[in-house]
Amino acid sequence: MIRKMIRVAIWGLTSRQREIVSFLHDQGVLHVEHGEAVRITDEEADSLRLLRSKLLGMVESLEWDSWEEIRDEDLNDLGQNLTLPFSQMIEETNESLDHFKKELSSLLEQREEARRLRNKLKGASHISVHFRSFVQSENEANRDVSIWWLRKEQIPKILSEIQSLLVSDHSGRGPVPELHHHVFHIREKESLLAVGVPLEYRGPVNLFLESEGLVSWTPPGCEPGMGLLRCIEYVDEKLNESPKACDYIEETLSSVRAQWGIRLGALFILIDERLEQLVVEQRGKDMGEAFMLEGWLPEDERDLLCEKLKKVFGDDVMVRWRYPTSDEWQVVPTAISNPTLFKPFEIFLKLVSPPSYRGTDPTVMIGIFFPFFAGCIIGDAGYGIILASLAWWIRKRTSNPMVADGAFVLLTMAFWSVIWGVIYGEYFGDVAHRIFGIEPLVVERSHAVVPVLAFSVALGLAHILLGLALGVIEGIKNRSHHVWMERGGNMVIILSMIGALCATKGVIPQSFFSVSMIVLAIGLILLIAGGGVGGLVESMSSFGSILSYVRIGAIGLSSAILAMVASKFVDVLGVSFLGIFIALAIHLLNFVLATAESGLHSARLHYVEFMGTFYSGGDTEYRPFAKKRRRSFNWKKR
């Protein structure tokens, strides 16, 4: 149902403008026209913008995102504490935030440094595990070991030249010094070479390798003189200590996040709300000692708002109101209000523009027919019970209003699925009939294909006629002659054609055929007068729309047949693991397909066939000047 709106003008003393705007913000019922974007440039607004940006940056740095935990009590308590003069409040808040930002930055830097060190230690440990035994054996033999980065193709040449160096420096007494090495290939072309030589050859070998452009590998934290084996052991020790250091920093950050997250988030909301108030103050018309603010208000909120304004501000404020004129119908914001039972079905209007102010809200009609059609398609009591259980579980577990509304829609689909399942005698196909001998209450749809399809077309006829009737009412209400004449002519043509068909088939007396032809001529006159030649095309499409409802029966029949096929596998394979497994798999597939197809096709019938006959979208949705805490937390993503 579309709420009746009134145009409101509020006059008040300029000295109390801020109080009045703040009061209206608290009430959250007045729709202030946006018009062109207003950017306020006074010093207060600029200070608030800078403070808001700083707060948002700190909230993101703190990695806090629990906006839904902020309660109205937190905001009210914080707002009461901000009683200092504005300039002093901004100054002290900035000082506190700067001090906190330094501490937070220090913690974040410590965490980043700890993570970098841990990654380095992990990389070093991954390398050292391949050289540990080699280094240890060389160390026990009192030999020098060093590890070098090089390209894979360099290895043979480097080893050959090191061996030549050892031979050339040999004094001739005793055996030729041995060259020991170990290679670890990091990547396709990159390797690490561990070289083991006698201690006295350390200097010449290192000088040679450096002259060849090789870079020595040194574990992180390794100091000169520690020795490679000790460095490897040091890496392992630090790697074991690293998780404790990281955990300590994370615990400290979590504590800071828990202590300051809600405070910073609440302060951000208050600053953002104050900026909104400044924008609305800027939109008010300055009249010297008085100001005026205009907007739209649901009529049912008028008396309460006027009473509260009078109680708080007395004679310092005056309210005038009037109903919108016909010239304003296109700009009046649309406010929708529906009974609790049908309110979840407003989710369907999220995908289209809101209905125009003088249009028709289809929510109740969708709430009646959508689950009815979807349940008719599923048509299985067993599937309906499972769907109801799933929807109930989702509704109880979620805190998201849109998900909860979607779950309620599924519940209504499940309700009608059970009803139609009892009518058709379907409980997981024919399982109940096989085990308990349960018979259909009316008809088994797989044995009555033509009646089921005919019933589907009859549903389409009733649905389209209802839509056309709503279109006629909307055209008359909006004084749009071409709309009500076109919709009315279309409706008359459909009814006359049905009357002629019934007379031809002998359902009604033959004399009614002539009456139907006369009515058909009247319908054609109305149709052409309202829509011209295009109206004739629209009339033909209406018959196509009616026939498209046959999908209700066709998809339902395919679902019923697939459910019975699942039972046939038990007949063929017996009550075995394989037979039961295949039957359950087919039932699961059928349940998913039936649920998805029933929802999609029922939605299509409403969006395209039904709403296309009367629905006209508007440009403006009712968005009251309200504190964001009362609306949703989607704003935090902006």
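Just so you know, glycine gets a Cβ as well, placed from its N, Cα and C.
What TrEMBL says about a protein is an automatic prediction, not a curated fact.
Keep in mind that what you see is a predicted model, and the values were worked out from it rather than measured.
Per-residue confidence over the coiled coil (90-127) averages 83 (mean pLDDT, predicted model). Summarising the annotation, TrEMBL assigns coiled coil to 90-127.
The transmembrane segment annotation in TrEMBL covers 368-394 (among others).
Per TrEMBL, transmembrane segment is recorded for 406-428 (among others).
The transmembrane segment feature in TrEMBL is assigned to 448-476 (among others).
For 488-508 (among others), the entry in TrEMBL reads transmembrane segment.
The transmembrane segment feature in TrEMBL is assigned to 514-537 (among others).
If you look up TrEMBL, you'll see 549-566 (among others) marked as transmembrane segment.
Long-range Cβ contacts of the transmembrane segment (572-594) within its own chain (Cβ-Cβ under 8 Å, at least 6 residues beyond either end) map to 377-378, 380, 383, 386-387, 428-429, 555, 559, 562-563, 565-566. Residues annotated as transmembrane segment in TrEMBL: 572-594 (among others).
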Chain residues outside the transmembrane segment (549-566) and at least six past its termini with a C-beta under 8 angstroms from it: 373, 376-380, 424, 426, 428-430, 445-446, 449, 452-453, 455-457, 459-461, 463, 582-584, 586-587, 589-590, 593-594, 597-598, 601, 605, 609
Cβ contacts under 8 Å made by the transmembrane segment (514-537) with residues that lie 6+ beyond its boundaries: 481-493, 495-497, 499-500, 503
Beyond the flanks of the transmembrane segment (488-508) by 6 or more, those residues with Cβ under 8 Å of it: 461, 464-465, 468-469, 472, 475, 515-517, 519-520, 522-531, 535, 538-539, 542-543, 546, 613
